[in-house]
Amino acid sequence: MAGIKLTLIVITMSSILKVISPELTYPNHISVLEHLTKPDLSQDNIARTLFQHIRHVKPINLLSNLGKALVQGRRYGQENNDHSLKFESNASPGGSLQNVMLKPQCAADFIAYAQHANVTFHHGNTSLWALRMVDATGKPSAGVLTGRFLFLGDFDECLAVRANYSVQSKALDTIVQKFNGQYCLGKYKTKTELLTILPEVRTGWAFCVPDSCSEEDSLQLSNVALKELNVTAIEFESMACSRGNVPLNTRAVAVFVALGIILALVILGTLVDILMVQMPKWRIRAEVREDLGGLISEASFETLRGRRDEWQSRIEADPLILNNNQPIMAMQTRQPFLVRLLVAFSLWSNAEKLVGTSQPPGSLSCLNGIRVISISWVVLGHTVLHIARNGDNVLTYSQDAIKRWSFMPIINGTFSVDTFFVLSAILVSYATLNQMKKTGGKFNWIKFYVHRYVRLTPVYMIVMAIYLGTLPYLINGPLNDQKKGFEKDPFCKNTWWGNPLYIQNLMNFKPDICMGWSWYLAVDMQFYVLSPLFLIPLHYRPKLGYAVVSLFLLATTVTPLVLSEVRKYPGSVIFVQLKGHPQPRGDIFYDIYISPYSRMGPYLVGIMCGYILSNLNRRSVRIPRHFVLIGWLAAIATGLAVIYGLYPYFKGTDMDPHAASIYNALSRTAWALSVAWIIFSCVTGSGGVVDTFLSWSLWVPLSRLTYVVYLIHVLVLDVLFATARTPMYASDFTVAILYLATLSLTYGLAFICSLLFEAPGLALEKLLLKQRKRS
């Protein structure tokens, strides 16, 4: 196998040499492979046999002539104003060099690389750096038909190359030229039916080239090499090159400085909190325990009464002492404003809030478990998606997985987002309507919007700044291509501004929006902005509220139905990625998947569920058992129908277009109704063991982290895959291991991010609101 790989590399090398020398040929490929497949050959003999079969290659003279033409800009090329060399069609008999433009230094270094590699193959004892560059270049390996489309070569070996060669100047002086290895990963597209499943799967072919060559130079050379080999089935469409360490730019420096300032505030705030708030609390509590111990030992009723009165007065004077088992933090309010401002950044206080399991009275505790399960479902879906794009055997694994019933919850993992829409709407409706009842309908709607924006945006923008400004410096690997970083990321360079405005899903950004998974945040914010249209009439005139909700529900049901009928959308986004299924006339991702007008059904269900819960007396409501049983059976049947309804079509059965339209119109609202019933049952005491599980106190701290988990989990997956040196072999076991590792690591990082970014923002908001009330 090693010999075959080396043969393929030499074949590729010879084709690249033919870019320089059109007369270069390689007639003995078959005989070389016959020798390499002999079982009695050792690895050394294989290499020796390989070198023997390429002795006929003598490109030195031709390379020398072409080198002179490159330098002088005559015959085969001409020097443009930008000092690039443009080759004409007569540079190669087949015309493969037509309109190819290379930088002069790139051409010179590549010629030297080709010459030294050729001499090395002839004699085997010169220019180890050239052999390392050839060895570091990716080669097609066994398993292409199983989905092995990433030929990554050796990233670290390429970047470790330090080449030097001698050239003669016009004055006949010997000049030593140097260059370093540069790792370039070319994305290629196929023109054949090889990709029968998931045609959008990631492809890549790595080349180790001189660092004087730009990405455009490397792209042109790679495509010319394919033409010289008469390979027409694939074509390189982009090239991403890495030279190792990325120099810091102004944007990255600004992000690192901002993060440093936040970290300094956190450290300072923690010290101030411990010294000025926590230590006095600890001292007073120690005195309380000590004095109470003395009281018990004295066993004097009169003394006990006197000490009780004394401690009651101390409680009134210093509210930090536990009063009815509730800590009153008035000491903080008596501190100077600057101290309270710094304490808002304290790791100690914020960690206590994050890990605490207590909840205020009237909380919908079952929502915590649903929230944690749903975010775990989201992470699972994106983990499988990353493996599907970067796996080593994606075709065979995908073909097997999508036909298994056990894989349907992963394929239909998009319904986890609809669960979040339901949860978000219930909380908004329940909290707002209860507050309006307390105040007689008076409600500060400006605060309603400002609080939401301040609650979500700061940590969102910080994560986005890390994604755009620092991620290229945190990851270094063969798959760290041009998708990372502001300058090279086509998704963010021109579209980033849509994210802080929460409108990125409406702008139809192509090819994709910045931080693609952030579309959910935009849609949820848009629903939140519209929510008073439902909440106000539901409070003042419920029948009018019912009518408004029904009208919007009808619209959000009819819209995907009509779009699916007119544009022939399938019942799942996944079908668009599968060849053999009819391709739609529009963009299902923008029209159906991330559009608010097609996804509003679950939010409206949540609005009505929150309205019903806000009008119930949970202590007195009693639902007959037969209604509870019917409700649970209906919810389970509906949920299973939504998740497994497309199972026959993933196994190969053709789906009727009208059935697909109906599924697109009703499935998400149906799923929302199932989730709403579970919540309603748990809140009203009919949940049984389900309520016990979902209301488990362990879910409380985990549920507080779900927002940050959603923000950063894709970044964690990007780092894991971008730093890998080889593609991952996809199997159920590796998926499970990677999923658990990703989920655990994401939650750990989310805890840190919450302490550093999210919790201080919430504390500052509360502090500023209290300060405004006093003023």
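A Cβ is built for glycine as well, from the same backbone N, Cα and C atoms used for every other residue.
Taken from TrEMBL, the feature signal peptide covers 1-22. Positions annotated as domain 'Nose resistant-to-fluoxetine protein N-terminal' by TrEMBL: 103-243. The transmembrane segment annotation in TrEMBL covers 252-275, 408-433, 453-475, 517-537, 544-563, 600-616, 628-650, 670-693, 705-724, 736-764.
For the transmembrane segment (408-433), same-chain residues at least 6 beyond its ends with a Cβ under 8 Å from one of its own Cβ atoms are 364, 367, 370-371, 374-375, 377-378, 380-381, 384, 401-402, 443, 448, 520, 523-524, 527-528, 531, 534-535, 538-539, 572-574, 593, 599, 602-611, 613-615, 642-644, 646-647, 650, 667-668, 671-672, 675-676, 679.
Over the domain 'Nose resistant-to-fluoxetine protein N-terminal' (103-243) the predicted model carries a mean pLDDT of 77. Listed stretches 544-563, 670-693, 705-724, 736-764 were compared with the transmembrane segment (252-275); the greatest number of C-beta pairs under 8 angstroms is found for 736-764. Listed as Cβ neighbours of the transmembrane segment (544-563) (distance under 8 Å, sequence separation of 6 or more from its ends, same chain) are residues 533-538, 569, 586, 591-592, 597-601, 604, 607-608, 611, 661-662, 664-666, 669. When each of the listed stretches 600-616, 670-693, 705-724, 736-764 is scored by C-beta pairs under 8 angstroms to the transmembrane segment (453-475), 705-724 comes out highest. Here the listed stretches are 517-537, 600-616, 736-764, and the one with the most C-beta pairs under 8 angstroms to the transmembrane segment (670-693) is 600-616. When Cβ-Cβ distances below 8 Å are used as the criterion, the transmembrane segment (705-724) is approached by residues 354, 371-372, 374-375, 378-379, 382-383, 386, 390, 456, 459-460, 463, 466-467, 471, 474-480, 484, 515-518, 520, 738, 741-742, 745-747, 749-751, 753-754, 758 of the same chain, each at least six residues removed from its ends.
Sequence-distant contacts of the transmembrane segment (600-616) (same chain, six or more residues past either end, CB-CB distance under 8 Å): 364, 418-419, 421-430, 433-434, 437, 527, 531, 534-535, 538, 545, 549, 552-553, 555-557, 668-669, 671-673, 675-676, 679-680, 683-684.
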